[in-house]
């Protein structure tokens, strides 16, 4: 019969005792294993493990009786203070800080204990670290503590950080390579109070994400009317949204597929916008048609055909004044008949408008040929009878 194997008194057993909070077992293991050198595969020692679990009695034993260094680092994971900040036990964290732990030490990726506590939503740990005078705005590869807290919807932590003068004007606008700004994330999650806090603290609602969308667009698409109303006063008008009002933005965003707003439309996108505008017009969906024409006009704002077509859309929506503005818009093209047609349609909507009649008369002097003049006169005569002006060819 083979002899029974002896129990293994390995470092792993000691580290497990620290994780479990088993002080009796750990003390026993300490007589057999050098706990100053014992580490797991990730470089964590017993103090790291105990701090992360908030085992205050284990921390005391390791620091006061065995002399483990509170500022020793695990492989890329920081010190025992980092682990305590992640765990969120303010008693263990406070003990480590009182015994020489560095409250602001960055790990290999630049994360400080404040980053860790903020991201996990540990309010008391955040307050404790801030009371030690740490920088409220340290930046790691993903942003500041404020950015990380907002990204995880830790609204109470966000409030605490802002109360301690976190720079929301800069941090709320920070975008990591793979993520949106704090404000965009708060809007996307429908966090009304947080959005208010961020705006009051200087967050810029005009910063677009990598897809070209800004916060008010996101709010409108998700139907968050209250957020649209909150963002509206501080958001600059978007050229492709024809009716810059709360209702107009919500209505227009139904048709938006979050295309980049700050880049010129490429040829294929321009053709697509024109085509989709024409399709929407044919379906009688004039709001959508206006949106797509506006999108196409970002490439060429003086395109005569687009102006004429958008003018007709306004007419079909009963917006004579807007139609008139488009028809009067300076044109580099030669679509005179389209302009005249737009004025004629406006006159049908408002036969008593002397302004429209005057504008129409002025157009006659700009007509380049007798043929076009005759067409214009025929159009004017038809204004008194039922008629229909077709959309211009795109």
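Cβ atoms here come from the backbone N, Cα and C positions, even for glycine.
Annotated features in TrEMBL:
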- 76-108: repeat 'ANK' (REPEAT)
- 109-141: repeat 'ANK' (REPEAT)
- 141-173: repeat 'ANK' (REPEAT)
- 178-210: repeat 'ANK' (REPEAT)
Exercise. Under an 8 Å Cβ to Cβ limit, what residues of the same chain, 6 or more beyond the ends of the repeat 'ANK' (76-108), are close to it?
Worked result: 42-44, 47-56, 59-60, 63, 70, 114, 116-117, 120, 122, 124-125, 128-129, 132-135, 138, 140
Problem set entry | DSSP-assigned states of the repeat 'ANK' (109-141) in counts, ordered helix, strand, coil | 17 helix, 1 strand, 15 coil
For this session: Grab the pLDDT values for the repeat 'ANK' (76-108) and give me their mean, rounded.
Result: 95
Seminar exercise, completed: Secondary structure of the repeat 'ANK' (76-108) by DSSP, residue by residue, totals 17 helix, 1 strand, 15 coil
